[in-house]
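Participant: Dumping what Swiss-Prot says about this protein:
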BINDING   11, 12, 19, 90, 91, 92, 100, 125, 126, 127, 128, 129, 130, 131  ATP binding site
BINDING   11, 43, 75, 89  substrate binding site
SITE      19  site 'Transition state stabilizer'
């Protein structure tokens, strides 16, 4: 843990190739990247926290210096506890920016030493979201362009078992 480490938080419900792209681009700039699977009690998830952690670990297992952890609570408390001063956020569109700017301002007020880095989504992934992928998968649509085989299988198990 230290000044050259960063955190990339998200619900990852499920993890997509867009998330993986942000991780790969982030790890080039930092010594270690903590991918933090967050658990917000006010949010409804398709996958349990343990399932989301399993998918994230599987999809990121070949990327060195990536540490997958989970946290529920205020993100800045996790960052302070770990002594992580850099936060990565991915942006797909202008609509993401408004929300992320509000969150960045709040986080900076709570943790003034925090540097927040916004990475624009690669154009190949700028239009995808976990919600969109879940909807397509729920109709047995092909999501292989956006998620790994492992995640695709987990989606089918979860959504098509009914």
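Placement of Cβ uses the backbone N, Cα and C atoms for every residue, glycine included.
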Participant: Compute the C-alpha separation of residue 91 (ATP binding site) from residue 43 (substrate binding site), stating it in Å without decimals.
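Facilitator: Pair distance, Cα basis, whole Å: 20 Å.
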Participant: I want to verify one value. Collapsing DSSP to three states, which class is residue 75 (substrate binding site)?
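Facilitator: The three-state answer is helix.
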Participant: Any same-chain residues 6+ apart from residue 89 (substrate binding site) with CB under 8 Å of its CB? Would you list them in sequence order, or say none?
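Facilitator: Long-range Cβ contacts: 8, 100, 103, 104, 116, 117, 118, 119.
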Participant: Return the maximum Cα to Cα distance in Å (whole number) over the record's ATP-binding residues: 11, 12, 19, 90, 91, 92, 100, 125, 126, 127, 128, 129, 130, 131.
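Facilitator: Between the most distant Cα atoms of the ATP site, 18 Å.
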Participant: Sequence gap of 6 or more, C-beta under 8 Å: which same-chain residues meet both conditions with respect to residue 75 (substrate binding site)?
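Facilitator: Sequence-distant Cβ neighbours: 7, 9, 36, 38, 87, 107.
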Participant: Between 19, 43, which of the binding-site residues has its C-beta surrounded by the fewest other C-beta atoms within 10 Å?
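Facilitator: It is 43 that, of the binding-site residues 19, 43, has the fewest other Cβ atoms within 10 Å.
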Participant: Provide the three-state secondary structure of residue 43 (substrate binding site) computed with DSSP.
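Facilitator: Assignment for residue 43 (substrate binding site) reads coil.
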Participant: Got a sec? Which of these binding-site residues, 11, 126, 130, has the most Cβ atoms within 10 Å?
Facilitator: 130
Participant: Neighbour count first, Cβ atoms within 10 Å, every protein chain included; then name which of 91, 128 tops the list of binding-site residues.
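Facilitator: When each Cβ's neighbours within 10 Å are tallied, 128 leads.
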